[in-house]
Each structure stands twice: as structure tokens, then as C-alpha cells.
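Now, the feature entries from Swiss-Prot:
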- 27-71: domain 'CAP-Gly' (DOMAIN)
- 175-196: repeat 'LRR 2' (REPEAT)
- 226-248: repeat 'LRR 4' (REPEAT)
- 249-270: repeat 'LRR 5' (REPEAT)
- 303-324: repeat 'LRR 7' (REPEAT)
- 337-379: domain 'LRRCT' (DOMAIN)
Amino acid sequence: MNANVPSDANCRRIICDGEYATVRYVGNVPPTPGLWLGVEWDNHLRGKHNGTHEGTKYFTCSHPTGGSFIRLKKANFGVDFLAALRKRYGLKSEQNEELVIGKKTVELVGFESIQEEQSKLNKLKDVSLRECAVSNAGEKGQICHSCPNIMTADLSKNLFSSWESLAHISSQLENLTSLDLSENKLNPSSNPSSLATSFCNLKVLSLNRTGMKWNEILQCASMWPALEELHLVSNDISLLEQPVNNLQNLTILDISNNKIVDGNQLHTIAFLPRLKQVIVSNNIISSISFPDVDFGHTAMFISLTSLAVNGNNISEWCVINELHKLLHLESLNCHGNPLMDLDKNPETVRQLIIAKIENLKFLNKTEIFPTERRGAELDYRKMFGNEWLKAGGSQNEEFNKPSRDFLQDHPRYSALIKKYGAPDEGELKQQQPFALKNQLLTLTIQCPEKPDKKPIQKKLPDSMTVQKVKGLLYRLLKVPGSDLKLSYQSSKMEGKEIELENDLKPLQFYSVENGDCLLVRW
């Protein structure tokens, strides 16, 4: 083999004319003389064939036009870690240093610059070597000697091809806790547990767009005994398996932008004891359920406080009912699901979700203040009051026996009655339709005690309750979690201020009219 070819060239990653590829063959390709590299391109449009040339199969590609042959001189096999570090951070590699002859020290040219460079390298804690063609650790021991204080390293989109080559780097960085390896194509290790000491302090790992499937992650997981945060975005993952004796310290898992269809796949990770945050946005999930209990709290995800399901296919309220079973769920992000469009008024959807999930404190990254929760729960209790009565509910506790179907559709309704009391008949007779009226009032919103806040004009339905108006104003005015006091001045009764004291009454109850001024105090 040509002396210029790396001994481990096969399966190595290269760059050629700005395109990334993996070497699949090293050797002759008759009748053309000379050495050739058979490569599989990341961009299959760059290739010409599937590894077969003039009837002879030299290598295999995952795409029928993903392969081609190139000359050795066109392949860049990358640089070592320190070379890339010096280049990225503007440091020169000097070879001159002190020379000791007997007992006499001779200072060679460039020694001061070496000391200065070494000082700069020693201070580095967070480094980014993205797209720097890094492929190896370089000379043994040089990394720990030059930059031992690195804690966070971005090595995304480089030329690493094996976990062993990465272990040679990380084993020299004892303080390394966060590592980004996104967009590297890594071959599986034959003995991953033997590399655990090299990654023993690693807490955050990103493997986005690496093509690694979940089963491959589990095969590698013994390498990361202390891992707390794992990012696997855009890896075409469709199936999950239950981790056994690994990933037990995981607190954050990001599997967004994958191809998970069945929400029950999440059951496989439901018993990771420390898992607090799951991000499963932009998959194809339409349902999530926790069948271990019909009502009450599930034994799954016992530590989960935050869930993101943005951009999925969730369209049924039963999914929200299921999420109520998560005892510690405090934050939910669910934008971009069909459910959010079921009612044209996003405020109504928000109120329903808040009422259905008891411990929720943030919805779509917006804080839920106590007054908003109270209003949402009271509105929910009133909105479905007639349905509750028809299903066997009663203001008389002795006869209050709503059907199982009703309780499955509204699992929190009984708790809301215990909290606020049953809705009376008068309340239910005055119940407004589910959809808001078309009668909109143009109101000027003023904060008389906050002169720095400019008046705002807003169109509100006259059927909107005072409580819902308060919820809107909390977000609109970015008011801290204190009680709002609302009143209004009629355009027909100048100087007279009327207090809106009952949160459950609509604006029309107080005869608020078009052009009136809404006064907000806190």
C-alpha cells in the first residue's frame, strides 16, 4: 500500500472539494493504474455508482449513486486536535524552546511566544472547533499538557470516525463535562465499556444529525456513566427500546425532529428515574397514554417536570387528559398540533389545557399565574356543567354520580367541584356558547398608576368574562403575579368609574360598550 495512505484509511472520514465522505475501499481499480480510494459521499448526488465499477463490486453504498473513486491526493484525512485549536484561536505552533546543555540553559528564539501561547491554551475552558477537519488526538499526552482546563468542547461536523479516536482526546481532558459531536459519522465501538474511563465526567452529549439510531445509542451508553443530558435531534429515530443498566442518571432527553409515530414508544424511557425533561417535538405522534392507571397519577415518568410535543399530530383532548396523570408536570409546550386549531380562539384552548392539567405552571413558555388558573378552572366548571348534569352529576352530593364516560372525558371535573363547589342552575342557564360572540368591543386600556405604560387599544368580545380579560392583561402588560383590579369609564358618563368586581361576569353584564376605557391597577 502507498506509504502516504493512513494504515486505518478504510472507514475513515475525509473531505474532498468541500464534500464529506467515508472511505469504503483502498486499492487498485483495473484497468486504470495507480491507487484509488472508493468513497461513499454524505451527499449522494456527488456520487456516480453504488461501489460497482465495470461489473466488479469494490464496496457497498446505502444509496445507488452514493459512491465514486478518487485519487489519494484529493482526500483530506484531517488534522489533530491541537493543530485545529491553535488555528481556530489564532495561536502559532512554535517548536523553539529552552535547551539545557549540561547545567547551562540556552534560551532559543521564540521561547517567550511559546510561554504566551501556553498561557492562552491553559486558560481555555469553552472551545468550538466546528468544521475544523479534526480527526485525531495527535501526539500522546500533548492535549493534557497544553489545555487541561477545557470543560466544554464543540467538535461537531469534523472527521471523527471512531469512538476510540474521541476517547484519546477526552481521556486527556479531565474537566470535560459537555461535548458536541453532532454531524460526525461514528462507527460503533467493539468494546464500549472499555472507554468509560475516558468519558467518566461527561454530563452533556449532543449527537444530532449523526444518523445514530436508538439501539446504537444503547450499545454505546456504557461509555457515558455520568451522562445527564442527551441530544439526538434529526437522526431518523422511529423505534425506542428500554435502557437496561445505563442512562440511569439522564435528566434531559431531546429526541425532536425524528420519525416517532407511536406515542407508546415513550413507555420505553418512562422508568428512567431522574428524567425531568423530554423534548419530542416535530415527530409524528398523535396519541400519548399511560394505561397503568385509569384515573389518578401514573407510575411512569415519576420525575418529569417538562414535556415538549410541539409540531406533532395531536388532535384529541384525551391526550391532554392523559398528561394530567403526570404528577410533577409543570411545563408543557404543544404549539403546532391540530388540537390547537380545534377552536379558532387560542385563548379558549389555553384555558382548557390549564384547567385539565392540575400542576401546570408554564404553557407554551408563558407562565400561568394563580388568577389565570382560577379563572380557567371556573370557566371549565361552568362550560361543561350541563354535560355533567346530563351524565348523572348533581348539586346534591348524595346523588352526584356522573358516568364513567364523562369522568374519562373530564377527569378533573370532580376535583374542581370539590374546590369551587357545584355550578348552580342559574350559572348554567346563563352559560355562554362555547364559541365567543361576534360582538367585539374596541376598548382603550389604560394604567392610571403607571404613567410609563402607554394606552393600548384592544378588541374584546362582550361575552368575555372579567377573569379572561385579566388573564389576557397579565400577558399583554407583562404584569408580575399580583392581583389585577379592573374598572372602566363609560364614554357616555364622563368621570364616573365602575368597578368590575365579579370575575365570572362577562363585560356585557357591566354594560361595557364600544369606545369605553378599561382601567387597570395592580
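Glycine is treated like the rest: Cβ placed from N, Cα and C.
Remote same-chain partners of the repeat 'LRR 2' (175-196), defined as residues 6 or more beyond its termini with a Cβ less than 8 Å from a stretch Cβ, comprise 11, 13, 20, 22, 42, 125, 130, 148-164, 166-167, 202-212, 216, 219-225, 231, 233. Within the repeat 'LRR 2' (175-196), the DSSP-based counts of helix, strand and coil residues read 5 helix, 4 strand, 13 coil. In the repeat 'LRR 7' (303-324), helix, strand and coil residues by DSSP number 7 helix, 3 strand, 12 coil.
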